[in-house]
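According to TrEMBL, the protein has these features:
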BINDING   89-94, 141-144, 176-185, Asp211  FMN binding site
BINDING   Arg301, Thr538, Ser599, Arg600, Lys605, Lys606, Tyr607, Val608, Thr609, Asp642  NADP(+) binding site
BINDING   Arg457, Tyr458, Tyr459, Ser460, Thr475, Ala476, Val477, Tyr481, Gly491, Val492, Ala493, Thr494, Trp680  FAD binding site
DOMAIN    83-227  domain 'Flavodoxin-like'
DOMAIN    282-524  domain 'FAD-binding FR-type'
TRANSMEM  20-39  transmembrane segment
Amino acid sequence: MENSEGVKIESTVVTEEPLISALDIALFVVIITVAYFWYFKRDKQSSSSEKKPYTIQPSSLSSIEQTSNSSFIKKLKSTGRSLVVFYGSQTGTAEEFAGRIAKEGARYKMKGMVADPEECDMADLVEMKEIQKSLAIFCIATYGEGDPTDNAMDFYEWLQNGDADLEGLNYAVFGLGNKTYEHYNEIAIYIDQRLEELGATRVHEIGLGDDDANIEDDFVSWKEKLWESVCSHYGIEETGEESNIRQYKLVDCSEVLPERIFSGEISRLKSYENQRFPFDVKNPYLSKIAVNRELHKSGDRSCMHIEFDIDGSKMRYDTGDHVAVYPKNSSELVDKIGELLNADLDAVFSLLNTDEESSKKHPFPCPCTYRTALTYYSDITSNPRTHIMKELIEYASDPKDQEKLKLMASSTPEGKKEFHEWILRDNRNIVHILEDLPSVKPDLDHLCELLPRLQCRYYSISSSPKVYPKSIHITAVLVNYTTSTNRVNKGVATNLLAQLIPTNDELPQPTIPIYIRRSQFRLPPKSQTPIIMIGPGTGLAPFRGFIQERDYARKEGREIGEMVLYFGCRKKDEDFIYENELQEYVANGTLTKLHLAFSRDQPEKKYVTHLLEQNADELWNIIGEKSGHLYVCGDTRSMAKDVHSIIVKVVMEKGQMTNSQALNYVKKMEQQKRYSADVWS
């Protein structure tokens, strides 16, 4: 109404006098000037005002704060620090490792700070030489198919495209990767080499952590040798035993108003009540569960088809993308921690960083209740790392419990063996540890500080936006297993999803926070390009979206290329998911061929890899003679590796190449995005 009225008034005035008079211009200039000075005066006052100890700031910085805090060099100089540890982290492990290194720096007279490269001006690395005995350490993860983490992307591109003179910069790199992936620690290796090319001095050789084995062991072993190199390089000595200095201090927030208390939001207070686009990792969308149905026909396992409603959210996705789901821990486990520690889970508290210069004021959104922290923010189901064992020692009243923790926290062969067997092999989480070492009673606020953040879970989207623009589909197997201690461990996200069943009545539908993560797993630009899809089990998920998209194109009258699908499961009558859909696509011609392997429907197990070996001519016809695309989705530890070997063999035999030539051919396919993998370990 106001706009339409404004237009009518304007059209009336135009006929009588000029649209803008000199007086209008003068008034406009005055208003702009006053607004300008008011804004910057307010900003200056707010930045200089003293913060309350229970400040309600989200973990992430606002754009204004990021700009003012982007110079890590100024922070180092103003606080007398010489060590900065950058992290590239997708799941929080690299950030955790960075914090541990920065904390240990005090033992070597190197006061340290942790820094997120996304929030820093990395060009300032050229000024590190101005700080005496300075050192930059990079804890960098590689995820996906050799990709940088989201927060390290800008830094990675800066190294690739820039030619800064980094002479005088002393550095070391620790990489976090997984050997089951082809591009093992590729980003860390590149950063290590590129820094040297730009003139920087490597203080210690790169460390490569393998998450498929024991990345904690890899990190601890590398870290011990790192400090030996640091002492040698700078001519310094260790000051003594490390003390367990708290990074955060406890603040009682019992007087905080209820509306100022976080209740599970990821970053912004009340973000689930007042949703704002765009939605991302720090601002997920609270999506309704529109559909949740069982895909398995029988058997003792469960596979869920779930549809998230995104109607009205303005969220857009592409076929092949991933959806991130934010889970929460079971109330049973949370209550158990409260019971074991005799703690009031509904007490309101905050953890405030003792380092006033740190951009990370809290380990998670504060203030909140302990129940909220343990439910939404703390990872209480994974295997704790050795540094947590070390921190728990002081809370053990029984000498036997103390000795056990000391042993597992040590880097001796006996300690590593005990940690591997008691924690990793027996799959103990923090709840199990507190149960099995009953004299260990840590302060709950300290435990919340020590535990890593609960991370979102990623799922391949199993739908096409052309067909389902208002919903996102996923295909997820329910995770439940019994450990050697006869405990039942449950997957955090899948067990939560299994409980979120939409109702047919007028009751509020169940919801869960989600956001979309972009992927490079894409259909060819041309619909006529032939493709081969290899996806046993839930590896079928993204290919369901691929097939839907090609089927949509076919119905529009466009020409589509051959689509060949290799799918496998245990038994046809139990876990052949989406069977009717696939058969329909075969019948209407969208799916050219459907190769099926049911591993347990005959005496000898039969897998998709067996079918691939039998169909070498078909494979070569599409990827060799017709320059088609090949896609693999599923377990990288065995299936994806076996598929890669088979493809190389097919290229050798049918393309009449040597092994070296075949490897180069497949490598070129990968570079051209004609061979793509969406895999997990």
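Every residue, even glycine, has its Cβ placed from backbone N, Cα and C.
The structure displayed is predicted, hence computed values, not measured ones.
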Cα separation, Val477 (FAD binding site) to Lys605 (NADP(+) binding site) (Å, whole number): 21
Cα-Cα distance maximum in Å, computed over every pair in Arg301, Thr538, Ser599, Arg600, Lys605, Lys606, Tyr607, Val608, Thr609, Asp642 that the record assigns to NADP(+): 26
Rounded distance in angstrom between the Cα atoms of Tyr607 (NADP(+) binding site) and Gly491 (FAD binding site): 26
Helix, strand and coil counts within the domain 'Flavodoxin-like' (83-227) (DSSP): 65 helix, 35 strand, 45 coil
Closest of Arg301, Tyr459, Gly491, Ser599, Trp680 to Gly144 (FMN binding site), Cα positions, binding-site residues only: Trp680
Residue among binding-site residues Arg301, Arg457, Ala493, Trp680 with Cα closest to the Cα of Tyr184 (FMN binding site): Trp680
Rounded Cα-Cα span from Trp680 (FAD binding site) to Thr609 (NADP(+) binding site), Å: 17
Integer Cα-Cα distance in angstrom, Trp680 (FAD binding site) to Ser89 (FMN binding site): 17
Alpha-carbon distance [Gly92 (FMN binding site); Ala493 (FAD binding site)] in Å: 17
Mean per-residue pLDDT computed across the domain 'FAD-binding FR-type' (282-524): 96
